[in-house]
Amino acid sequence: MNDDNTSSAQEGGDVAAAPPPSKKIKSDEVDQAPDSEWPEAWLMPNDECVDQKAPNKLEPNVPVTVEELKALGICYWKLDATAYTYPALAVPWDPKDSVDPVLSKIRDDRGYSYADIITVHPDTLPEYETKVKSFFEEHIHDAEEIRFILGGSGYFDVRNKKDEWVRIHVKAGDLMTLPEGIYHRFSVDDTDMIHAMRLFVGQPVWTPFNRPSADVHESRKKYIEEYLEEEKKVED
């Protein structure tokens, strides 16, 4: 969900100079969700994804555990997205007095000073199919990516430590962060609709760095050092 043009239309996002959401750097005063509440995740086939909106599960399905997701640097909270009213589009979004107090606490704790709200749907996003395909390009960002799903559903795909695709099915109430430098992509599912809040530390930066050129990016090197090389040291 990242695109330069979505500040005036829809979708996209990133953070300027945001520290990664690592336990080494941040301590969360609002506890993350228990494992039982995390979104469903599974391994995807290694071959080319023909229909990005389909579940794309292996046969038989190979679930990915919450422990594995956390080891990739992913953080997750479960909020009540139905108890509060959010606009379909607000760039930026001013929460004023109606915001969820739990969301406010998470924003304060983690320094998310900016927010906006977008809706990805054929009726609301110009050049919808083109944009949806662009979101599916494998890329990294030079800052943490934070998404709070207000309605609809979709897929975040992330590379695991074996460079396999892991698909995470996000729905209303899911607030998830992806660490700086992790290879990922996004797709709507077959509902063709997702309503999401994008959160940022500081002013938002919208630039994706696509693979393979991103392999030498400093944010990728940082991610490898923190999450991938650490595991190799333990194994050694």
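Yeah, the Cβs are placed from backbone N, Cα and C, and that goes for glycine too.
What TrEMBL lists as compositional bias 'Polar residues' is 1-10.
Taken from TrEMBL, the feature region 'Disordered' applies to 1-40.
The Fe(2+) binding site annotation in TrEMBL covers His139, His141, Glu145, His184. His139 (Fe(2+) binding site): 20 other CB atoms within 10 A of its CB, across all protein chains.
DSSP assigns Glu145 (Fe(2+) binding site) to a strand segment in the three-state reduction. The Ni(2+) binding site feature in TrEMBL is assigned to His139, His141, Glu145, His184.
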DSSP-derived structure type at His139 (Fe(2+) binding site), helix or strand or else coil: strand
